[in-house]
Amino acid sequence: MMRGASKRSISSAAVLLIKKNKLPPRPKFTPEMEAQCTEKFLHGGRGPGGQKINKCNSKVQLRHEPTGIVVECQETRSREQNRKLARLKLARELAASYDTMPSREEALLQWHRQQKRSQRRRSVAKYEQREEAARVEKEEREARDREMVRELFRR
C-alpha cells in the first residue's frame, strides 16, 4: 500500500494559480484625487528621527473629502517622502473602498499561501520518500539477516 495515496483528495473546484508577474496593478494617485484632497503637515510624535521629528512638521495628513478617508504618514524624516507615501496609501485605501478590481494585497496573500502550500507538499513528499527508502533498506537488512541465520543452522 502506498503511503501518500490515502491522503490525496480530488476536488472539482477550479484552482486559480497566481503568477508573481501577473498581479493586479498597484493603484495610482491621480490628479483628480489630488483635487479632492486636503493636506496638512503636523508635528510628529512617534517614529524614526528622534528629537528632530518632534520639532518639525514632517508628518503628513491627507483627507479625501468625498469619502472622508484620512491617511497619515510619518515613515521618514523627509516631508517630501512622507507626502509621496501618504498619497500611495490613500490610493490603496480608495481602491479598497471602491473595490473596483481585485486587490493587489489579496492577490499577494493568495500567492504567498500558494507558495507555502507548494513548499509543504514538496517537504512532505521528500520525507515520505526518505521514510520509504529507510523502510525498504531495513526490510532488505532483515531479509539478509534471516538468510544468514538459515545458512548458519543448515550447517
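Cβ from N, Cα, C; glycine included.
As recorded in Swiss-Prot:
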TRANSIT   1-17  transit peptide
REGION    111-155  region 'Disordered'
COMPBIAS  113-124  compositional bias 'Basic residues'
COMPBIAS  125-155  compositional bias 'Basic and acidic residues'
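Under DSSP, the residues of the compositional bias 'Basic residues' (113-124) split into helix, strand and coil as follows: 12 helix, 0 strand, 0 coil.
Helix, strand and coil counts from DSSP across the compositional bias 'Basic and acidic residues' (125-155) read 30 helix, 0 strand, 1 coil.
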